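S.K.: Let me begin by handing over the structure; questions about it come next.
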Amino acid sequence: MKITHITTYRLPPRWMFLKIETDEGVVGWGEPVIEGRARTVEAAVHEFADYLIGKDPARINDLWQVMYRAGFYRGGPIMMSAIAGIDQALWDIKGKVLNAPVWQLMGGLVRDKIKAYSWVGGDRPADVIDGIEKLRGIGFDTFKLNGCEEMGVIDNSRAVDAAVNTVAQIREAFGSEIEFGLDFHGRVSAPMAKVLIKELEPYRPLFIEEPVLAEQAEYYPRLAAQTHIPIAAGERMFSRFEFKRVLDAGGLGILQPDLSHAGGITECYKIAGMAEAYDVALAPHCPLGPIALAACLHIDFVSRNAVFQEQSMGIHYNKGAELLDFVKNKEDFSMDGGFFKPLTKPGLGVDIDEARVIELSKSAPDWSNPLWRHADGSVAEW
């Protein structure tokens with residue numbers, strides 16, 4: 001079997017799919033994208049395609065190593081996202097050829113279901129509470145929300161009080177009936193992260209995500225030393241070599257590699273194993289589309305340390321398309337009591353509606369994140 005063609009489709013809301021075709025008619029799908037840099041990742045995919053055309057798609061490990069190591073410069077969000085989507089599609093092909101889901105090819109199940117959590121948008125406490133109520137109605141009891149808006153390197157007590165007030169009202173409204181994590185999104189400096197974490201501790205969030213940027217990872221163990229709340233990070237780390245450093249330094253309780261950013265299934269399975277060796281939980285990052293989610297689920301079901309799975313159903317970024325709009329077998333992604341079951345169809349287990357993909361790709365928007373500024377006019381972290 002040989003790879004004959006690689007096609008990319010930029011899609012709403014902020015996704016990109018790729019299709020790998022073979023000379024035997026077997027097709028694999030992947031999702032390579034950096035939100036806001038889809039065209040750049042697309043260019044990287046097609047640079048790799050020049051090498052991949054004519055190669056045997058079954059040699060996933062060798063193709064991965066060539067894509068990663070054959071160029072002098074390597075790593076980073078663009079290249080690793082391109083590799084990730086290609087890698088997902090290669091696993092999809094292998095599973096279809098062998099008539100088995102990817103998790104079966106990786107040794108079989110370690111669990112029967114995995115807890116899903118849902119994003120909740122909204123800047124005001126009432127909006128967040130209303131969003132949680134609606135999501136509870138469709139079976140969710142675990143959530144993630146923004147921990148704060150933009151915050152200065154040293155900010156005032158009003159900014160701290162606003163962040164804490166939202167969390168306090170959520171806990172007062174729902175008690176222990178729900179769990180929620182708080183995503184700081186790297187918006188907070190190390191000094192302010194110390195203040196916020198201390199103030200938030202009485203409300204027992206499930207985790208605090210990216211309290212500081214990955215570039216400031218030396219603060220993870222220092223922040224963890226002052227709190228009982230697990231610290232989570234990883235969505236802006238792109239290879240096992242970056243994760244190696246933070247695992248060795250300590251401090252993280254939950255690792256969050258992104259299956260569409262960190263080298264795909266091949267690399268993230270290794271990252272999951274590294275995390276287990278350090279007794280660190282796994283919760284793959286996934287605010288993206290259905291192929292990315294499917295890839296995450298296959299890792300969840302073969303990794304003992306996986307604890308819950310992010311997914312983008314109803315996320316505030318989803319303008320123009322929802323999580324399953326490009327999927328024919330929507331029923332396979334249905335949840336029972338807030339849990340996903342293993343996908344059982346061969347490969348990734350996603351039956352893509354290719355006609356809809358082609359149609360919507362003709363008018364796909366170029367999504368970019370907003371530009372925030374502080375009151376003094378300086379650029380703020382989004």
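Glycine residues also receive a Cβ, built from the backbone N, Cα and C atoms like all the rest.
Per Swiss-Prot, Mg(2+) binding site is recorded for Asp183, Glu209, Glu235, and the stated evidence type is sequence analysis. Sequence annotations record features per position, and here Swiss-Prot assigns active site, proton donor to His185. The site 'Increases basicity of active site His' feature in Swiss-Prot is assigned to Asp258; the stated evidence is sequence analysis. According to Swiss-Prot, the feature active site, proton acceptor maps to His285.
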S.K.: Within 8 Å of the Cβ centre of Asp183, Glu209, Glu235, which other residues of the chain have their Cβ, at the recorded Mg(2+) site?
M.R.: Lys144, Gly181, Phe184, His185, Glu210, Ala232, Ala233, Gln256, His285
S.K.: Hey, how far is Glu209 (Mg(2+) binding site) from Asp258 (site 'Increases basicity of active site His'), Cα to Cα, in Å?
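M.R.: About 14 Å separate the Cα atoms of these two residues.
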S.K.: Could you tally the C-beta atoms, other than its own, that fall within 10 angstroms of the C-beta of the residue listed as 'active site, proton acceptor'?
M.R.: 25
S.K.: Reduced to three states, what secondary structure does DSSP give the residue listed as 'active site, proton donor'?
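M.R.: In three-state terms, the residue listed as 'active site, proton donor' counts as coil.
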S.K.: Is it possible to get the count of other C-beta atoms within 10 angstroms of the C-beta of Glu209 (Mg(2+) binding site)?
M.R.: 26
S.K.: Do you know offhand how many angstrom separate the residue listed as 'active site, proton acceptor' and Asp258 (site 'Increases basicity of active site His') by C-alpha?
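M.R.: Distance (Cα to Cα, whole Å): 5 Å.
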S.K.: Pull out the recorded positions from the set Asp183, His185, Glu235 whose C-alpha sits within 10 Å of the C-alpha of Asp258 (site 'Increases basicity of active site His').
M.R.: Glu235
